[in-house]
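Q: Pasting in a structure now, in structure tokens, and then I'll have a few things to ask.
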Amino acid sequence: MSLKIYNSISSQKETFTPLVEGRAGMYVCGPTVYSDVHIGNVRTFVSFDMIYRYLLYLGYKVRYVRNITDVGHLEGDVDTGAEDKISKKARLEQVEPMEVVQRYTLGFHHVMRLFNTLDPSIEPRATGHILEQIEMVQKIMDKGYAYEVDGSVYFDTVKLIKEADVYGKLSGRKVEDLLVETRELKKQNEKRNPADFAIWIKAEENHLLRWNAPWSEGFPGWHLECSVMSTKYLGERFDIHGGGNDLKFPHHENEIAQHYGACGNTPANYWLHTNMLLMNGRKMSKSEGNFITPEQLFSGESEHISKAYSPMAVKFFFLQAHYGSTLDLNDASLGAAEKGYRRLLEAYNTLNQLSSEIPRSDKPLAIEIEEGIKAAFEEMDDDFNVPKSLARLFEMCATINKMADGQLDVNDAGQYSLDIAKKGFKNLLIDIYGLSDESAAGTDDHMNQLDGLMKLVIDMRQQARQNKDWPTSDKIRDTLAAIDIELKDGKEGTKWVIGK
RNA sequence: GGUCGGGUGGCCGAGUGGCUAGGCUCAGCUCUGCAAAAGCUGCUACAGCGGUUCGAAUCCGCUCCCGACCUCCA
């Protein structure tokens, strides 16, 4: 079976065929670092992290580029005096724009690390590529797809629409509508047509971020940095371009336009878009109070949740829905995900304890295990369907627990299928989904010491239980529970696990 | 208003023509000093109304509702 990807530009699942065999280039629109990272934003990057990891698992040599936008992203309406987001924040807080950039870039990285995502191969910044952006503007002008008005340069969308059938494809926009748009032209408007957009903007007197360019002292338009950096690091044509659904228009559509204007072709073969994270069925909105930050999720300090959730529980919650679907974040669902995640993780740990005296079995149990794992991987090939893949693993949890309980005979499974299961769980859970066992945090030395200590405590409790000294045995259990160590009595003795 | 995507059991969430998704919750049972854990069993849904079909959650039409985008947004 081969990997199939839902391509936004064709609205169809397509077999993934990289431009260069064995290699994959992926560009994902990163955050604009003007404030703390949005939890919805995190979902998008967790999704692409999973996609990156799966491509790596499949053996592709992947170059994963995710940018940091630190200039050019405007707030408000360009025509009526918009302000750069970074600039505005810097002005409000009376700091250097680069201080704003530094603070929120570090914050973003910190949250990404908590969610156990891999770093991209390259994480370029817009301000580090001003020269290239100026060059691209020039290139677009040379090809006749842009015009200058009083120091600002605009992309001639109308010309592109007339000459090439590339604009509007991604967002499903009808170009006729764009051409006849009757939006009122506001004062100061320099564009020939409302569909045109700025690629170089002349800086006003008080604008903090500015660079010298042939047209004016100014700054690049939003959209441009992605075109420049994707082209620079992945080439004029590359495999995958990703981002949030809300970037389809105008951001990605304009990227395609610029890229065509400069290079004469469209940039990416496959466009992937993640869907929005909702909260309590509605769009997250700061102004409406329908909002929660990653920190609040981890601390539990929010009116929207009843308790704290660990980063992995939240990540698991994300993974239970397909990246292309909207997902509703709420307290009950987070709680359900947390429990499910723990159960899965415990089954994984249980699995790793299992072994068989039979090297290889051909009994139904062995076949069931081998096919279950195979199915879990096949779901991944179907447009990274993690929810279905997880469902296959959950189905195996019961089998694992029964083997551990002696209700099923491990020798009917045989070592070979057990090894396949162990490897499969490890590959999926740890390598591909990017989950980590938070209870296993700490150094190996500490874990060994803790483990020895727990063996002693469990042994003492066992003694008390044999003596029917219930107060003592319950005190041990309850005291441990109070510090989040749970004891689980089973047929094979008592196990312990850290967690609430 | 325009464009696109959705409405699935108590909750979340997969699923595009026939076969049990899965998780959580809940109930009963087994195990157990009690509890938890673990296991077993049960809970059969697809917004509404028409239509196509031997057969539809899945295709078509209409209605209602929700979300996203429409140059701030992952």
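Cβ atoms here come from the backbone N, Cα and C positions, even for glycine.
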Q: Which residue range, A:93-97, A:243-247, A:283-287, is the one TrEMBL calls motif ''KMSKS' region'?
A: A:283-287
Q: Who sits close to A:Cys29 (Zn(2+) binding site): which same-chain residues at least 6 apart have their Cβ under 8 Å from its Cβ?
A: A:Arg66, A:Asn67, A:Thr69, A:Cys226, A:Gly242, A:Gly243, A:Gly244, A:Leu247, A:His251, A:His252
Q: Same chain, outside the motif ''KMSKS' region' (A:283-287) by at least 6, Cβ under 8 Å from its Cβ: which residues?
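A: Result: 38-40, 276-277.
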Q: According to DSSP, does A:Cys29 (Zn(2+) binding site) fall in a helix, a strand, or coil?
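A: The three-state answer is coil.
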Q: Output, ordered by sequence, the same-chain residues six or more apart from A:Glu255 (Zn(2+) binding site) with a CB under 8 Å from its CB, or 'none'.
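A: The answer is A:His223, A:Cys226, A:Ser227, A:Ser230, A:His241, A:Pro267.
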Q: Select the most exposed residue of A:His251, A:Lys286, where exposure means the fewest other Cβ atoms within 10 Å, treating these as the binding-site residues.
A: A:Lys286
